[in-house]
Every structure is written in structure tokens, then in C-alpha cells.
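Asker: Below is the structure I would like to discuss, written out as C-alpha cells.
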Amino acid sequence: MFNRAVSRLSRKRPPSDIHDSDGSSSSSHQSLKSTAKWAASLENLLEDPEGVKRFREFLKKEFSEENVLFWLACEDFKKMQDKTQMQEKAKEIYMTFLSSKASSQVNVEGQSRLNEKILEEPHPLMFQKLQDQIFNLMKYDSYSRFLKSDLFLKHKRTEEEEEDLPDAQTAAKRASRIYNT
């Protein structure tokens, strides 16, 4: 089972992460460590599924996970093509995050809240202004605290430790971490 986990892990990594240009294997010469990417910008963090997972864990502890969930829901919404699906998703976003009765209400300016009537004619950018507000809230508030958090620093230390391990040990350690979390 352990060998299958390592094998699956290896298959998921892009070829550029597995071999250098000379064909030699290198775990310590990854393009850029994930924590370094995350620390570079909130955008980088939100583009990385592992980064989103860690950021959500942090926000959950801070009782503000709804911010990243709203941001992600808006990103999904912008990619939708089907009008009926857009209407359903728009109503879901509104009821979950924006209405006065929302279960996970986000903190946006009062005038920025959408009127329910606008949900009947959705368009991909209808939540953009609100999404930008939440992004900036995360960027200038939660994100900076995340970069100083034990959660982030622990992940960074783990990456640094793995950098010093031979390839087989690194893959085994990653597989162990993935299947034990």
C-alpha cells in the first residue's frame, strides 16, 4: 500500500518537478517551494490547492473561513456558461454569504450588497466588486497573520527538512503526510 501511495504521488507531480534538464532526479531543486510561492502573494496562495487548504485551516481557527469560501465560490461562478446553472449558483452564493439570513455571511459594505432581483439575470462578473472587497480584506488582514502563523511556519519547516532528504525519503515522507492528514 505504501509503495502505491508513493507511486501515485510521483505520477501527480509534473515532469519538471521530477527531473532537471540534464535528466537527473532532484527533489531539492523544485522550481520554488510552495511556502515561498504562498509568501510571495495571496494570489499564488489561492492558485495552489494545498495553499487554499492550509489557508482555510487557518481561517477556520480565526472564525473567518467564509471569506475564502466566498472568494472560491465567486471564482467558480465566473467560469460557468449555462444560464440556469448560473442562476442557481448566484442564488446559492447570495443565500450562503450575502443575505441578512446567510449561514456564512461575509463582511461587505452595506451599499455593496446585492438586491435579490438581480439574481434573476446573472452575469459572470456580478459578484466581482464584492469578491474584490473580500480579497482585499483577506490580503491586508488574514493573509499577513497566516504568514506568521504556526500552521504556515510548520509547513515551511517541513519543506526545508524535506529539501535535505534523498528523493526516496522525501517521496515517502510526503506520502505519509498526505495519507495521515
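The first residue you see is number 1, and the count goes up from there.
Backbone N, Cα and C atoms are what each Cβ position is placed from, and that goes for glycine too.
Computed from a predicted structure; not experimentally measured.
Relevant sequence annotations retrieved from Swiss-Prot are reproduced here:
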REGION    1-32  region 'Disordered'
COMPBIAS  23-32  compositional bias 'Low complexity'
MOD_RES   Ser24  phosphoserine
DOMAIN    41-156  domain 'RGS'
MOD_RES   Ser41  phosphoserine
LIPID     Cys74  S-palmitoyl cysteine
REGION    158-181  region 'Disordered'
MOD_RES   Ser176  phosphoserine
Asker: How far is it from Ser41 (phosphoserine) to the residue listed as 'S-palmitoyl cysteine', counting Cα to Cα, in Å?
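Answerer: That comes out at 19 Å between the alpha carbons.
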Asker: Counting by DSSP secondary structure, give me helix, strand and coil numbers for the domain 'RGS' (41-156).
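Answerer: DSSP composition of the domain 'RGS' (41-156): 85 helix, 0 strand, 31 coil.
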Asker: Among the recorded positions Ser41, Cys74, point out the residue whose Cβ has the most other Cβ atoms within 10 Å, with all shown protein chains included in the count.
Answerer: Cys74
